[in-house]
Amino acid sequence: MIKRKKLYFMKITIIGSGAWGSTLAQVLTDNNNQVLLYDTNLSYVEKINQGKHPIFNTPLLNVKAVSCLKQTLEYSDLIVLAVPMKFMRHLLKKITLMLTNPKSFVNVSKGIEPLTFLRVSEIVKQVIPAPLLANFASLMGPSHAEEVILRKLTLLTAASSNPVFSLEIQKLFSCPNYLKVYTSSDLVGNEICSAFKNILALINGILVAKDFGINSQAALMSRGILEMSRLVTFYQGNPQTVLGLPGLGDLIVTAFSKYSRNFNAGAKIAAGIPYQQIIDSSLQTVEGFQTLNAFYQLQLKHNLDLPIIQASYQLIFESKPFDTVFATLIQRPYKSEF
């Protein structure tokens, strides 16, 4: 038997008290852990300290929130990152200036950084000095906060290059009654799949709004999974991860659910609303737009075969007519499926 070093945390800091961050606070307190949430949104902080979830009309008990980042960093040695991708690097730079001892990080945000094409794990390693970075893991999978807050059965995957740490995160977040966590060593694949599925959800929202049938949606999912696999391979991840919870599982949830911000944003695109207007009017971040831009630029730079990404970019960012983009995509040369 392998003797493992104890990494279990009884105090956890969550940075970002939005829908998912606050919901994960409930998961952790259900497991008898102590949680401190951080947010710059003072109304969120006030609601949480009143025992209310800041987004949903549900109680959030035994959780405290503050607006002082230094206080939250001093609270525990485990930091859960639950902020949108566009704020990630800036946040990590602020954290680095305040760290005095090594911390472990768990990322629950999904996306790729534009321009750099970096995953969250890569940004963390780039920004946080090695002596101050104890461990890193991602926690991903099909998990609408709207259902988890009601304690409906959900499965997630904790991925880390450190198998001991992924096991500890599995134990920390698993609730016997409603949340089960698997482990994975494919951190790369989990991050890519979790980001890519938001793009397919955007496009599926467009298809549904334009009254395309389930046959068309199934075709989008199938060919989209193939492109997801190509990207995972490009990033040197395990293509098998595409069939796991952060891949196929999260894709189903995001592309077909009424709760999905990306799916609903796609429907608005179909109605002729510009993507920037959708972003500006959304109370919660629609990660699919930024991720689409990042993967499109990556495709151009490395000459990758990602026709759905290319068509989606033309439709959303270049405002090309849907019929024109669709015709170009469907009239691609005939060839073998794989």
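Yeah, the Cβs are placed from backbone N, Cα and C, and that goes for glycine too.
Look at Swiss-Prot and you will find LYS197 tagged as active site, proton acceptor, backed by sequence analysis. In the three-state DSSP scheme, LYS197 (active site, proton acceptor) falls into the helix class. Sequence-distant neighbours of LYS197 (active site, proton acceptor) (same chain, six or more apart, CB under 8 Å from its CB) are MET228, GLY247, ASP250, LEU251, THR254, ALA255, listed in sequence order.
The feature NADPH binding site is assigned by Swiss-Prot to TRP20, LYS110, ALA145, ARG261, GLU287. Non-local neighbourhood of ALA145 (NADPH binding site): ALA19, TRP20, SER22, THR23, ILE55, PHE56, each in the same chain, at least six residues away, with C-beta under 8 Å from its C-beta. ALA145 (NADPH binding site) falls within a helix when secondary structure is assigned with DSSP.
As annotated by Swiss-Prot, sn-glycerol 3-phosphate binding site applies to LYS110, GLY141, SER143, LYS197, ASP250, SER260, ARG261, ASN262.
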Remaining residues near the recorded NADPH site, that is with C-beta within 8 Å of the centroid of the site residues TRP20, LYS110, ALA145, ARG261, GLU287: ALA19, SER109, GLN284, THR285
ASN262 (sn-glycerol 3-phosphate binding site) CB neighbourhood, other CB atoms within 10 A: 24
Sequence-distant neighbours of SER260 (sn-glycerol 3-phosphate binding site) in its chain (C-beta under 8 A, six or more apart): HIS144, ALA201, GLY205, VAL253, THR254
